[in-house]
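Encoded as structure tokens, the structure appears first; notes follow it.
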Amino acid sequence: MITLITGGVKSGKTAHALKLCDAYTGKTYVATAEAFDEAMQTKIDLHKAERDASWVTIEEPVSLHSVFDNAQEQDVILIDCITMWLNNLIYKQLNTEKHIEHFLVRLAECGKPVVLVTNETGLGVMPANPDACRFADELGKLNTKLAAMSDEVIFMISSIPLTIKGAKK
């Protein structure tokens, strides 16, 4: 079961993702963010405080496909977030297509519940510079692929989850 949670910045995506994983005992939290400044470190610290000791944390900013090997003993994997991962790939000038392809293959083969957090960047104005345009384009394409693969897609607005694909029974 793959669940994709999308929405705007500070819309409650991570909090809802953590809540969805509450029913599991073996939980892996995959952090993709890197603390490149004080503001990001503060955000990382806040996310750490949201998780209790039942979580195993894997920090993987680039080789996201590898987390499936490292989380084999766990019942559920939460990846937070796809947006930062793609940002890392682009910023480091890595082969985004190759990394995305490897990740999507491993995700499809995983065989256990995976909750993915991403950002919806397509609701605002058109980005003003070429780098921002490229990022928005690539994230939009990646989110489309992830949504197609997902059993459930949830859109968060003001911490309210709206199931837009595959409502749970």
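Each residue, glycine too, has its Cβ placed from N, Cα and C.
The feature GTP binding site is assigned by TrEMBL to Ala31, Thr32, Ala33, Lys48, Ala49, Glu50, Arg51, Glu59, Asp80. According to DSSP, Ala49 (GTP binding site) is assigned to a helical segment. Ala49 (GTP binding site): 8 other CB atoms within 10 A of its CB, across all protein chains.
Annotated active site, GMP-histidine intermediate per TrEMBL: His47, in sequence order. Long-range neighbours of His47 (active site, GMP-histidine intermediate) (same chain, six or more residues apart, CB within less than 8 Å of its CB): Thr14, Ala31, Asp80.
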For this session: Please give the greatest C-alpha separation between any two of the GTP-binding residues Ala31, Thr32, Ala33, Lys48, Ala49, Glu50, Arg51, Glu59, Asp80, in angstrom, as a whole number.
Result: 16
